[in-house]
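Asks: Please see the structure below; I have some questions.
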Amino acid sequence: MQQPDLTHALSRLREAAPLVHNITNQVVANVTANALLAIGASPAMVQAEEEVGSFVRLAAALVVNIGTLTAPQLAAMHIATRAAGEAGVPWILDPVAAGATPYRLQAARSLVQLQPAVVRGNASEILALAGEAVSSKGVDSTHGSGAALAAARHIAKEHGAVVAVTGAVDYVTDGQATWAIANGHKMLTRVTGTGCTATALIGAFLGAGFTAMQAALAGLTVLGVVGELAAAKASAPGSFQVAILDGLYELDDATLASHARVTPA
Amino acid sequence: MQQPDLTHALSRLREAAPLVHNITNQVVANVTANALLAIGASPAMVQAEEEVGSFVRLAAALVVNIGTLTAPQLAAMHIATRAAGEAGVPWILDPVAAGATPYRLQAARSLVQLQPAVVRGNASEILALAGEAVSSKGVDSTHGSGAALAAARHIAKEHGAVVAVTGAVDYVTDGQATWAIANGHKMLTRVTGTGCTATALIGAFLGAGFTAMQAALAGLTVLGVVGELAAAKASAPGSFQVAILDGLYELDDATLASHARVTPA
Amino acid sequence: MQQPDLTHALSRLREAAPLVHNITNQVVANVTANALLAIGASPAMVQAEEEVGSFVRLAAALVVNIGTLTAPQLAAMHIATRAAGEAGVPWILDPVAAGATPYRLQAARSLVQLQPAVVRGNASEILALAGEAVSSKGVDSTHGSGAALAAARHIAKEHGAVVAVTGAVDYVTDGQATWAIANGHKMLTRVTGTGCTATALIGAFLGAGFTAMQAALAGLTVLGVVGELAAAKASAPGSFQVAILDGLYELDDATLASHARVTPA
C-alpha cells in the first residue's frame, strides 16, 4: 500500500479554486462557506428543489449534509445528487446524527444509495448507516472511531465509496486500504461544525480533481493540522474558531507535509 | 425567601453534559450551538416535523425560539413540546418579538399553553404575551424589564411556569418569589443572539436537572457575569462576541459565585 | 454633478437607529444582524408569509436577499415588497447569483419589477439582471465591476432605482449620475457575506431617511473604509471578520470622511 501523496495538495486546490455546491444545515452554513473561502475554494449554498439540479452541473463538487434536514431539503438532495451523478460531479455525504431518529436514518440510507464519492461521519453515524443498533448523543458520537472501522469498510465495499470515520484518530477506507490520521485536537469538539467543515474541505479537494481517497485524506489532514496549530494559539473556543479560519487561509504545503501523521491502519 | 444556591452550578452542568434539543431561528443557530458547547452541554438542532417527536425524547431539555418562525417550524414546535410534556423533558420558550405581528403573538400564545418550564423574553415580549397592548421595535424591547414584572408574575401563575424578563436588570419569578439579577453589560445588546443565548443556557441547566427557578437564575447569571468579564477585555462587538464564547468555556463556580448579584425583588 | 455629502452620515444613522427588516439567506443571517447592530441599526429577520406584510410596515427599510432562496421565501418576498411599496418603506434588492440558474434569474427579475429603491450586486449579477448572457461562478463574479456599468445604468433607468455594482471599484448610478468608490480591500472577498453586509448597510441608511443615492454611497463607502482599516489589523479571514464587526462599531464621521474615495465616474 503506497503512502498517499499530499505534496502540493493545497497549491493544487488553490489553483483550481473549485466551485463547491453545498446543501447543508442552518447551524454551519456560515462556517462552511468561510472555511471553503479560507482554504481557497468558492462556496455556494443553493437548496431550492427548483434549481439544485441546474446549479450542481455548474459546480466542481457537491456537499450534502443532513444536520437540520427538512422534507423539502431532502427532496432537493435527491434531485441534486442524481444530477451530480449524471453530470459526473463528485459528491460527499455527511450523515449527521444518522442513528438518532428513524426519519434521519432512512434519509441517510436513501442518500448513500446514490453513489457518493465519500461518506464522512463520526463512529455513531457510520455504525448506524451500516445497520448496527447504536446509541448516540444527538450529533455527538458515543463510540470511538476505531469501533466503526469494520462498519466503514462494509459501507465502502457495498457502495463503492470512500468512507471516513472521524474522532480522536480519523480513519479513511475504500474497503481495501485503510489509513489512520493522527492529527487534530480535542478543542475541535468544543466548536460547532468542525465535522461539517471536514466534510466541506473534502468536498473542495474532490472539486479540485483529487481522487476520493486523496480528497478524504487531504481534507481531514488539513483540518487536523490546522486544529493543532490553532490550539497552540487559542485555549478557548471563541478564539479557537477564529484561529481555525485564519489557519485554513495561512496553511501551506510545507507545513501540511511536516505536520501530517498519516499511516496505514 | 431563601437565597437560591448556585454553588457548584457550573460543575454540575458540566458533569451532566446534557443533550439540549433546539428548535431555533436561523440567525442564532450557530451562536446557540457554540454557547451550549462552550458551557459544557451537547447541542442538537433538529426541526423536521417527521422527527422532532422522536428526537426530543432522547434529549435532556428542549429550547423553543420563534425568532424566524415559519409555519412548518411552528408545527414542529407543537409536536416537540407535546412530546416533551409526555416524556417529562423540561422545555423553555423564547417568544422572540411576540408582539410584533398577530401571527407571532398567536404562535407564542399557543406555545405558552403547552406548559413550558420557563419563559424568557424582554419586557415588550412578556407584556405582549400577557395580553397587554405594547409597542415594540422588532426584536428589541421598548420597555425596561421592571415594567413587565406584573405581566411576568401573571404569566407565571396562569401557566405554572417560571418567567424571566431580561434587560438592564433581569427578573425571574414563579409568580410568588421574584429575584433580580444585576449582572450584565450594555455591549450584550450590540451583538445578536445574546437573549437567545440566555434562553439556551437556561435550557442547559434545565437539562442538567436544575429546577426551573434555579435554571433561570443560573443561566442568566452565567451570561451576565460572562458579559461583564468579556466587556473588560473587548470594547467592540466582534471581539466581544469572541470573548463571550471564550468566557462561557472559562467560567468556573468560584468566579460565578463571586460576581453574581442576585437579590430578592 | 455635486459631490454627495456623507458628512454626519454615521451620526445621523445612529441617531435614527432604524428598524431594518431582512428577508435574507441562511449563510449570512447572523453576520447581517451583527453588522446592522454594530453600525447602530436594529435588525429583524422575519420571513413567514403569514407575517411579513404586517412586519414590514413597522420597519424603516426592507432588505431582500435571494442567496438561499426557496419557494416559500420567494412568496414572502413578493408579499413584503408589495406591502413596503404601499407603506412607503424603501427596500433594497440583492440578486445573489442571479444568472446561475433560470429559477434564480426569474425570481430576481420578478422582484426588480416591484420598485426597489436600490439594487446591489456584483458585475455578473447585474449583467444577468439586465438580460445579458453571462457566465458566473456561483455567487462570485467572473467580471470586473466596470464591465457592468452600462447594464447598471439600463436597470436604473428602466426601474427608477439606484443600482450599485460592487467589485474592486464600486459604482453607483441612478441612470444619469454615476459615482465610483475606490475603497475596500481584497480580503473582503475571502470572508462570506461581505456583499450581503454591504446591501444591509445600504438598507440601514435607507431606513435612516437617506435618499437611495446617498444610502448606496454611504453604505458602500462605510464597508470599504472599514475593510481597509480591518485589513491593516488582520491578515487572515477569521481575525479580519472580527475586525470588520469591531470597525463598523468604531467608525466615526471624521474617519469615514478622511478615508472616503468617491469620485464621478
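Residue positions begin at 1 at the first shown residue.
Using the three backbone atoms N, Cα and C, a Cβ is placed for every residue, glycine included.
In case it's useful when we look at the structure, here is the feature table from TrEMBL:
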- A:M45, A:G193: substrate binding site (BINDING)
- A:R120, A:T166: ATP binding site (BINDING)
Asks: Would you kindly give the Cα-Cα distance separating A:T166 (ATP binding site) and A:M45 (substrate binding site), rounded to the nearest Å?
Replies: 24
Asks: Would you mind listing, in sequence order, any of the binding-site residues A:M45, A:R120, A:G193 that have a CB less than 8 A from a CB of chain C?
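Replies: Of A:M45, A:R120, A:G193, the entries that lie near chain C are A:M45.
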Asks: Within the chain of A:R120 (ATP binding site), which residues six or more apart in sequence place their C-beta under 8 angstroms from its C-beta?
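Replies: Sequence-distant Cβ neighbours: A:I92, A:L93, A:D94, A:V163, A:A164, A:T166, A:G195, A:A198, A:T199, A:I202, A:A216, A:L220.
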Asks: Select from A:M45, A:R120, A:T166, A:G193 the binding-site residues whose C-beta atom falls under 8 Å of at least one C-beta in chain B, and return them in sequence order or as 'none'.
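Replies: Out of A:M45, A:R120, A:T166, A:G193, A:G193 lie under 8 Å of chain B.
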Asks: Using all protein chains in view, find how many other C-beta atoms are within 10 Å of the C-beta of A:G193 (substrate binding site).
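Replies: Excluding its own Cβ, A:G193 (substrate binding site) sees 27 Cβ atoms within 10 Å.
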Asks: Give the helix, strand or coil assignment DSSP yields for A:T166 (ATP binding site).
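Replies: A:T166 (ATP binding site) sits in a strand per DSSP.
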Asks: State the count of C-beta atoms found within 10 angstroms of the C-beta of A:T166 (ATP binding site), not counting that atom itself.
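Replies: There are 27 such Cβ atoms around A:T166 (ATP binding site).
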Asks: Reduce the DSSP letter at A:M45 (substrate binding site) to three states and note it down.
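Replies: SS state of A:M45 (substrate binding site) = strand.
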